[in-house]
Amino acid sequence: MAAKEVIFGDAARAKMVEGVNVLANAVKVTLGPKGRNVVLERSFGAPTVTKDGVSVAKEIELKDKLQNMGAQLVKEVASRTSDNAGDGTTTATVLAQAIVREGMKYVAAGMNPMDLKRGIDKAVAATVEQLALIAKPCTTTKEIAQVGAISANSDYSIGERIAEAMEKVGKEGVITVEDGKSLNDELDIVEGMQFDRGYLSPYFINNPEKQTAILENPFILLCDKKISNIRDLLPVLEQVAKAGRPLLIIAEDIEGEALATLVVNNIRGILKTCAVKAPGFGDRRKAMLEDIAILSGGQVVAEEVGLTLEKITLEELGQAKRIEIGKENTTLIDGNGQAINIEARVKQIRAQIEEATSDYDREKLQERVAKLAGGVAVIKVGAATEVEMKEKKARVEDALHATRAAVEEGIVPGGGVALLRARANINVKGDNSDQEAGIRIVLRAMEEPLRMIVQNAGEEASVVVAKVLEGKGNFGYNAANGIYGDMVEMGVLDPAKVTRSALQNAASIAALLLTTDCMVAEVAEEKPAGGDMGGMGGMGGMGGMM
């Protein structure tokens, strides 16, 4: 086991604070509408340019192990805030640095770190209560656009795209971000339910221009087994042919003579059909087939429920107004399912989301809810170069998280004003003078986001903070244009969840740093420089070769 270095007291804390400052100073240059970019080196390809706090934080590793511990703890603040609220990572880092900086003065003066921590916790709890009172619901498309724009570093076109997407697919809908093919941002709305499986044979195509198969008013046969024998399918094919309507078959797989017969019937115009593999794998495939069945008003042909292909009637088949099948996607529009059944299914999936342990499972379940309840919107990000594309895409994703957070917990005035207004209404007392000091640490740190925004805009922070404190309510300073006024009216809004998460996470990690009194790190081994190779002995004469 490698030797360890153990450092105590002020020396340990001083090293940690150095690490905190290196990371926080790199992150905080990005704060506010006039924040600067940070360029991140890549081992191959072009460097990445970003204004996203957590992206900068994740890149930083310091050579000094003790400093690095401090930096990694603040990195945790940014990461946790990003996970909880999707934005506010820079604000959280700035708050953490301010709490650590103020707190270290009191620790050095001999105050009890544990009492300081209790005071910090009391102040944070009181502030969170006040933020909830200040917050107002975010309901209008305009407010959603403003929140998105502020989060995307004052890019109003991004805010408008996100608001438009939310309006189209609803608050439950899935909004995904993809690389675009042009210079402009585009928004694609997929109505109805879409899943990522296409036609099994190009012979099903009936729209050569779009290379898709379009079925109007079709029946839908859902089966959780492979279909290879045409005899199994004949009874249902005859019933559908009599009804004179097209048929979409979704099964685990369709192969051999079954697929060949369907293709031949389709080409000859006897029965308009299309065959598609069921989406997903394993248990998720069964669940998604069930979703499609509920949406289309049909039943899944499965042995567990006593249904076989030979026994099935038209009543068990699903129906839809229109289905479009492409090479890779199938879209089911206006299914025949009953609203009450769809709502019950959505409720059931939501209960599963509550119990889901992994992020991947949760994401997949949310996708299923969206496909049943809302729809799917795709924002295609346009840019001139790949570097710009990556930077812009990261901002769009941030803005998307921020708007979701705003819809969830409401909005507060932005630009660091919400924390100052919450601070003005806090009436909390500590049990002793050390706890009182802990409360003062947090109250002082709450000015820091506004100070940093103003500093990055090239103005005098103390003057602006004093003027904002003179005002009331939503009165604040808009750093984008240097105007004082009502932040909500000017469209400078923050999601309450983002501000709350930033403060809670910053205080949590900062309090841990303040209560640290010992650090243990591996001793860096000094590797001796490699000496030159000794002269190699001469090779003996080689015997004569035969």
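Glycine too: its Cβ is placed from the backbone N, Cα and C atoms.
As given in Swiss-Prot:
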BINDING   30-33, Lys51, 87-91, Gly415, 478-480, Asp494  ATP binding site
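Features recorded in Swiss-Prot, as mapped to the structure shown.
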{"residue": "Thr30", "record": "ATP binding site", "contacts (Cβ under 8 Å, 6+ apart)": "Arg36, Asn37, Val38, Thr50, Lys51, Asp52, Gly53, Val56, Thr90"}
{"residue": "Gly32", "record": "ATP binding site", "contacts (Cβ under 8 Å, 6+ apart)": "Gly415, Met452, Ile453, Val454, Asn456, Ala457, Ala479"}
{"residue": "Gly88", "record": "ATP binding site", "contacts (Cβ under 8 Å, 6+ apart)": "Thr81, Ala402, Asp494, Pro495, Val498, Thr499, Ser501, Ala502"}
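DSSP assigns Thr90 (ATP binding site) to a helix in the three-state reduction. Each of the binding-site residues Lys51, Thr90, Gly415, Ala479, Asp494 was scored by other CB atoms within 10 A of its CB, and the lowest score goes to Lys51.
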